[in-house]
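What TrEMBL says about this protein:
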- HIS546: active site, proton acceptor (ACT_SITE)
- LYS136, GLY202, THR231, GLY232, SER233, ASP410, MET416, LEU417, ALA418, HIS419: FAD binding site (BINDING)
- GLY268, SER269, GLY270, TYR271, ILE272, GLY273, LEU274, GLU275, GLU291, GLY364: NAD(+) binding site (BINDING)
- CYS127-CYS132: disulfide bond (DISULFID)
- 90-425: domain 'FAD/NAD(P)-binding' (DOMAIN)
- 444-555: domain 'Pyridine nucleotide-disulphide oxidoreductase dimerisation' (DOMAIN)
Amino acid sequence: MQSAISLSLSSPSPVARFAVNNANNVCNLGTPRSLRFCGLRREAFDSSASFDASSLRSARFNLHSKHSNLSKVFAELKGNGTPSSSGFDYDLVIIGAGVGGHGAALHAIEKGLKTAIIEGDVVGGTCVNRGCVPSKALLAVSGRMRELQNEHHMKSFGLQVAAAGYDRQGVADHANNLASKIRSNLTNSMKALGVDILTGSGTILGPQKLKYGKGDSGDKIVTAKDIIIATGSVPLVPKGIEVDGNSVITSDHALKLEFVPEWIAIVGSGYIGLEFSDVYTALGSEVTFIEALDQLMPGFDPEIGKLAQRVLINPRKIDSHTGVFASKITPAKDGKPVQIELIDAKTKEPKDTLEVDAALIATGRAPFTQGLGLENINVQTQRGFVPVDERMRVIDGNGKLVPHLYCIGDANGKMMLAHAASAQGISVVEQLSGHDHVLNHLSIPAACFTHPEISMVGLTEPQAREKAEKEGFEVSIAKTSFKANTKALAENEGEGLAKLIYRPDNGEILGVHIFGLHAADLIHEASNAIAMGTRIQDIKFAVHAHPTLSEVLDELFKSAKVKVSASSKVAEPVRV
């Protein structure tokens, strides 16, 4: 990974632009510039800068000095009590203390901005309390259960294991305890650095002015030079579906694991639905997918989706109905099971009626943007989403930018992932600090934490071919199998595939998709390569430890056929 990043330093990234607004502060071509891509910071040098042993030592010294100075800055900022130099109560107020708001707040403090964050519920937002954090705790349990229940798999290691069981309450407690711990960590990190945490719902009253509280006479008014909306999202429940929180539930309820049904219908086969199918089947449930489109897993690369379905769905106690809508779902009551009425997605004709023990609604998420006072600044939401430009600046009803107002995360709908929200928040703070920054969303990875995992970054093959047809370039595909990887075979986890979509004329990485053991961890080499603008002809010289799963990516890049040679200068050897 280190080698892959180093190779990219000889050319500036084409996907993130930094320009100091003050002309007196414009750096010369040889000056290092601090880049941050989705939380990754490296010292990047212009192509005219030499990259030898002395420059490496200098960069390390500068980095050490910066960290030392940063500690002093943090110590001075603790308490966040110094008045804002802008004449406002705060330089920055963030509405919403989820992962996106947290990332923005910490970066703002690092940049010396007097910062407050408003939270009407609990710190951590959806991801920490009702999403990706507790779900990973449940998936950790399902992974171990699945392995212990696989007698053939255990025997291949020479192991004999008695029948595996589980304590439902113990599993639920594990998920709840993890959420509590991470929530506490986020809260303490903000308090330690001096972020003011303001309790209540935030409402924008006008330009650079807002209030927070319970919506009564006790509300307090604050002013801020800049405001970031980071209010996240809630589960999307289609019309006709009655959620009672017991037998008809959303992911919010399912994460509490209050019971494990014998038969559960999952409406939607995207990330949320797939992960919960992994949990429920490992704990003994039978699952029925209800999918409006003609195939399961519609958001994934088709080839990866086909393989994943063969491994994650076909061998398990899962059946499916595709091309249908759940037009009406009635909760269980008076001894009757949950009733689901299905209609054809195209003709709307009745198709079938299902009776199950429970139904999980996993049809996606809707932005939580009500009550923000957007009407006070002439902002009209689009399907609930706050309209923004590529720099997350809010756009009003007349198509004009609203000064000093930004929106990040699920509330703007650009990419509904927690780490995308954090990256957007950091990008906004960079702009507030005088550096023009545009986040490349195609470099942001995504993952589905099933067993095995699925991960992806960039374009799918159909998307890449559509783009190529419009812009007039060729697309090539490279693939490697986990069955050829020593570490995967040692784990008896050879079922997996990595797929590279690229341009053979210049080596640009268009997309990478992985299905297999620890795919969610492996994807970052590819995502960072896209973020840094690294081409295949350069990254293929990166060295990977043997035997590791990372060699799946090593073989993938090496198997690509690029028509141009390496674009980077060969670095001078460093004495060791």
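Residue 1 is the first one shown; counting continues down the chain.
Note that Cβ sites are derived from N, Cα and C of the backbone, with glycine treated the same way.
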GLU291 (NAD(+) binding site) and CYS127 (disulfide bond), Cα-Cα, nearest whole angstrom: 24
Cβ-Cβ distance under 8 Å, sequence separation of 6 or more, same chain as ALA418 (FAD binding site); the residues meeting this, in order, are GLY98, VAL99, GLY100, THR126, CYS127, GLY131, CYS132, GLY409
Out of LYS136, HIS546, the listed recorded positions, fewest other Cβ atoms within 10 Å surround the Cβ of HIS546
CYS132 (disulfide bond) has how many other Cβ neighbours within 10 Å of its own Cβ? 18
Diameter of the NAD(+) binding set by C-alpha atoms, the set being GLY268, SER269, GLY270, TYR271, ILE272, GLY273, LEU274, GLU275, GLU291, GLY364, in angstrom: 15
Cβ-centroid neighbours of NAD(+) site GLY268, SER269, GLY270, TYR271, ILE272, GLY273, LEU274, GLU275, GLU291, GLY364, 8 Å, sequence order: ILE266, PHE276, MET297, ALA362
Out of the recorded positions LYS136, THR231, HIS546, give me the one sitting nearest to GLU291 (NAD(+) binding site) by CA distance. LYS136
Among LYS136, GLY202, THR231, GLY232, SER233, ASP410, MET416, LEU417, ALA418, HIS419, the annotated FAD contacts, find the widest CA pair distance and round it to a whole Å. 30
Distance [Cα-Cα, Å, rounded] between MET416 (FAD binding site) and ILE272 (NAD(+) binding site): 12
Top Cα neighbour of ILE272 (NAD(+) binding site) in the set of recorded positions LYS136, THR231, SER233, HIS546: LYS136
Using C-alpha positions only, work out which of the recorded positions LYS136, THR231, SER233, HIS546 is nearest to LEU274 (NAD(+) binding site). LYS136
Could you please provide the mean pLDDT value for the domain 'FAD/NAD(P)-binding' (90-425)? 96
